[in-house]
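Have a look at the structure below, then the notes.
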Amino acid sequence: MFYGVTTLNNIKTHQALGAANNSIGATATYSFGLEALFTFIILVIGTFLIYKWLSKKTYEELSQLIIVAIAGIAVVYVSNSIVNTMKVNWGRFRPYEIKEIVSSTKGTFTNFWHLNGATGHQSFPSGHTIAAAAALFLPFFADRKNLKGQKILAYSGLIFTLLMMAARVRIGAHFLSDTTMSLIIAALVTFVATKAIGYSFIEEDSLN
């Protein structure tokens, strides 16, 4: 909801669309009551759906899901920590900061391999992409014998991540190298975590 409101506000005030969700971007406020209502509705619906899903699982399946959930938390924490640390040390200007005057200054382009230090600018790597890439972990929540379900979640997660990458580049919030690096980080961290728990991205041999 925050992303939607701030994006619409930036369009209305003729500000950079890519600045809507960044720390230095313009923000729009809305009532706490509206935010609390949406949060409550999503929480209730989400809890109900998860309960219905888990109520059909066996003890063995629940045990496996606990392991997957812990691994998933680790993947999100590690990948986000890597990206946030790199953001601070790379200090790369965003595309819209180079094209437009933001906060009375105009940015300078630097290649992705160039560390600028803590400049306050955080284009590289993409935080939105690493968040979207958490969807790449969804296939591991599918039953290991449900090959079709694994494939659906795998392709859906990948498409969602690619769409996020394209959107961030399109609105001038990131360079392609920013989003690509986040995808690489997510893929590597996910690969290490899943191998640690003995899973494959899609269990091709699960039905044999």
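Using N, Cα and C of the backbone, Cβ positions are placed for all residues, glycine too.
The shown structure was predicted, so the numbers you read here are calculated from the model rather than taken from an experiment.
Positions annotated as domain 'Phosphatidic acid phosphatase type 2/haloperoxidase' by TrEMBL: 65-194. Residues annotated as transmembrane segment in TrEMBL: 30-50, 62-83, 153-171, 183-202.
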DSSP-wise, what's the residue breakdown of the domain 'Phosphatidic acid phosphatase type 2/haloperoxidase' (65-194) into helix, strand and coil? 89 helix, 2 strand, 39 coil
Model confidence over the domain 'Phosphatidic acid phosphatase type 2/haloperoxidase' (65-194), averaged pLDDT: 92
